[in-house]
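Asks: Just passing along the structure, written as structure tokens.
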Amino acid sequence: MTSAIDPCSFSSFSKCVTKHLNLTFHVDFDSHVLKAKVALTVEVLVDHFKSLTLDTKDLKVSKVTANGQAAKFTLGPKHSFMGTPLEITLPFDLSRGQHVIVEVTYETAPNASALQWLTPEQTAGKKHPYLFSQCQATHCRSMVPCQDTPAMKHTYYAQVSVPKELVAVMSAVRDGEEPDPQDSSRAIYRFRQPVPMPSYLIAIVVGALESREIGPRSRVWSEKEFVDKAAYEFSETETMLKTAEGLAGPYVWGQYDILVLPPSFPYGGMENPCLTYATPTLLAGDRSLSNVIAHEISHSWTGNLVTNKTWEHFWLNEGHTVYLERMIGRSMESEQFRQFKAMGGWKELQESVNTFGANNPLTNLVPNLNEVDLDEAFSSVPYEKGFALLYHLEELMGGPEVFMGFVKSYIQLFSYSSITTEEWKHYLFTYFKNKVDILNKVDWNAWMHTPGMPPVKPQYDSTMADACIALCKRWVKTKEGDLGNFSEWDVKTLSTHQLIEFLSLLLQQEPLPLSHVKRMQEVYQLNSFNNAEIRFRWLRLCVKSKWEDAVPMALKMATEQGRMKFTRPLFKEVYNFDKYHEEAVRVFIAHRAAMHPVTANLVAKDLKVDNDKST
């Protein structure tokens with residue numbers, strides 16, 4: 001049995017476990033706070049139980065009760081990124097197996113790291129304010145006092161009071177709305193989440209939202225300016241859901257809605273149950289980026305249903321989700337497409353390893369996260385190193401059908417629970433009991449506990465990549481006098497995915513001469529592409545080649561949207577162009593207030609700007 005400790009949480013889950021949360025939120029746009037109450041139903045695991053610790057971060061706690069009786073509480077010392085332990089002493093003793101309802105009345109801070117409050121000017125509609133939460137990995141504690149660890153899974157019920165011209169949605173099933181009896185200018189929205197889930201999946205969004213039905217169990221939500229475009233873009237959602245069910249088993253969450261967030265959302269997507277978040281950078285008009293939705297759909301099984309017990313085992317969530325996402329791609333496109341995406345993933349892994357350094361322990365598949373700020377540890381390592389291990393095992397065990405059988409069985413066995421790498425590995429050996437001799441030859445220590453690239457490089461089918469590789473080589477080898485040999489026809493037969501791959505390959509080379517990138521723009525017209533993945537790589541390529549015209553475009557893209565995957569490298573690229581070093585810093589400081597707090601803190605570190613968290 002693994003010890004019931006999470007290095008990223010103050011709450012020990014060896015003494016008690018949270019079974020249910022009852023949340024009451026009053027959303028105050030004037031003061032940028034949630035005035036809130038949470039009642040935690042807690043099950044006791046030991047005798048003579050009289051105190052418990054909850055995770056909090058910048059919360060103003062005014063009152064605590066236990067079964068309706070006043071309970072003493074103290075806030076411990078503040079940790080630089082983990083927040084503050086809330087120590088609660090019960091007015092009575094409890095025995096193992098008993099339950100207690102602990103109710104905390106509190107208010108969030110205006111700068112709560114889980115919440116981003118947008119002014120009307122920062123929205124598409126420009127008329128109403130907007131609020132969204134992002135709790136992964138350890139930010140829920142800045143919104144709700146809780147056992148903020150993925151080891152803990154609970155159901156929740158919520159009621160949310162908002163100005164009546166706005167709409168609230170949560171990572172739960174909608175359970176009705178009514179006028180707020182306390183205030184006629186407000187409305188109350190109710191939500192229930194009957195499937196146990198970890199705290200990092202609690203999500204709330206309040207704004208001038210509209211929705212459109214896109215399938216029998218799916219709606220798309222966004223501001224009205226984006227809603228029809230989003231409905232078109234995500235119209236294949238039901239097909240993907242059915243494909244995923246065919247691979248992984250029934251979808252247990254009831255509703256699968258997608259919410260397109262304002263541009264400052266820092267990630268591509270977030271797998272909140274019943275309400276996947278999506279970045280507006282996906283609205284490229286060519287449906288080429290549906291793999292983000294395939295990824296978030298896959299999390300409904302791997303991550304949300306079977307969850308990593310602590311963040312050291314994050315690869316269990318992400319490696320399996322990438323594996324499942326690519327199996328959906330295989331079913332909907334082809335095996336060659338899956339291989340092509342896997343090759344691209346290997347390059348992303350290489351880039352992460354280069355960024356961190358090949359000896360950095362954060363490039364371990366199972367890192368030690370003691371005193372590590374998870375926002376700074378975030379990278380493609382758990383995703384792509386995890387996928388590479390699963391793909392390697394697939395090859396050893398007998399191919400995709402055989403290995404997918406294991407993945408489906410693993411999901412069934414561990415559904416509704418949180419597990420460790422050891423438990424996963426033990427089940428792998430149990431499931432493939434006739435092939436233990438092969439599994440014993442895998443260098444588990446090199447895969448799990450050694451930094452850098454994996455010990456085995458898979459040999460992916462390069463059919464779809466060959467055209468990209470050939471075109472990349474032509475550009476790298478061509479002399480200035482021969483640039484006339486390139487024409488628009490070079491890229492006419494390439495898919496969006498292949499064009500992204502071609503640019504990725506060029507980024508791995510030494511910077512191209514300025515004459516080359518200028519000619520590339522002339523023949524391929526890359527400045528006119530709206531696809532964010534293409535635009536991001538193209539602008540990085542131009543700035544690397546010291547093309548000054550690209551600098552304002554790169555900074556514009558870095559600030560018009562806040563997806564960290566794009567924003568951080570674009571800022572870094574301009575910052576590394578000596579002539580524009582100060583311009584990068586100036587533009588960042590000018591836009592910092594409009595950025596998501598996590599993005600702002602990380603870009604500040606990248607650009608070596610004084611990082612006062614209060615700004």
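Placed from the backbone N, Cα and C atoms, the Cβ positions cover glycine too.
Annotations in TrEMBL come from automatic prediction, not curation.
Positions annotated as active site, proton acceptor by TrEMBL: Glu296. Among the features that TrEMBL reports, active site, proton donor is placed at Tyr383. Residues or ranges marked as peptide binding site in TrEMBL: Gln134, Cys135, Gln136, Pro266, Tyr267, Gly268, Gly269, Met270, Glu271, Arg563, Met564, Lys565. Sequence annotations record features per position, and here TrEMBL assigns Zn(2+) binding site to His295, His299, Glu318. Here TrEMBL flags 463-607 as domain 'Peptidase M1 leukotriene A4 hydrolase/aminopeptidase C-terminal'.
In the displayed structure, how are the listed features positioned relative to their neighbours?
Replies: The Cβ of Glu296 (active site, proton acceptor) has 25 neighbouring Cβ atoms from other residues within 10 Å, across all protein chains displayed.
Sequence-distant neighbours of Tyr383 (active site, proton donor) (same chain, 6+ apart, CB under 8 A from its CB) are Trp315, Glu318, Gly319, Thr321, Val322, Gly345, Glu348.
For Glu271 (peptide binding site), the same-chain residues that are 6 or more apart in sequence and have a Cβ closer than 8 Å to its Cβ are Leu201, Glu296, His299, Ser300, Gly303, Asn304, Thr321.
Proximity of His295 (Zn(2+) binding site) to non-local residues of its own chain (separation of 6 or more, Cβ distance below 8 Å) is seen for Gly268, Gly269, Thr321, Val322, Glu325, given in sequence order.
Looking at the domain 'Peptidase M1 leukotriene A4 hydrolase/aminopeptidase C-terminal' (463-607) alone, the prediction's average pLDDT is 95.
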Asks: Return the residues near Gln136 (peptide binding site) by Cβ distance under 8 Å, restricted to its own chain and a separation of at least 6 in sequence.
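Replies: Listed in sequence order, they are Tyr200, Leu201, Met270.
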Asks: Counting every protein chain present, what is the number of Cβ atoms, excluding its own, within 10 Å of the Cβ of Glu318 (Zn(2+) binding site)?
Replies: 23
Asks: By a simple count, how many Cβ atoms lie within 10 Å of the Cβ of Met564 (peptide binding site), its own Cβ left out?
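Replies: A 10 Å sphere around the Cβ of Met564 (peptide binding site) contains 19 other Cβ atoms.
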Asks: Note the Cβ centroid of His295, His299, Glu318, the recorded Zn(2+) site, then list each other residue of that chain whose Cβ lies within 8 Å of it, in sequence.
Replies: Glu271, Glu296, Ser298, Thr302, Gly303, Asn317, Thr321, Val322, Leu324, Glu325, Tyr383
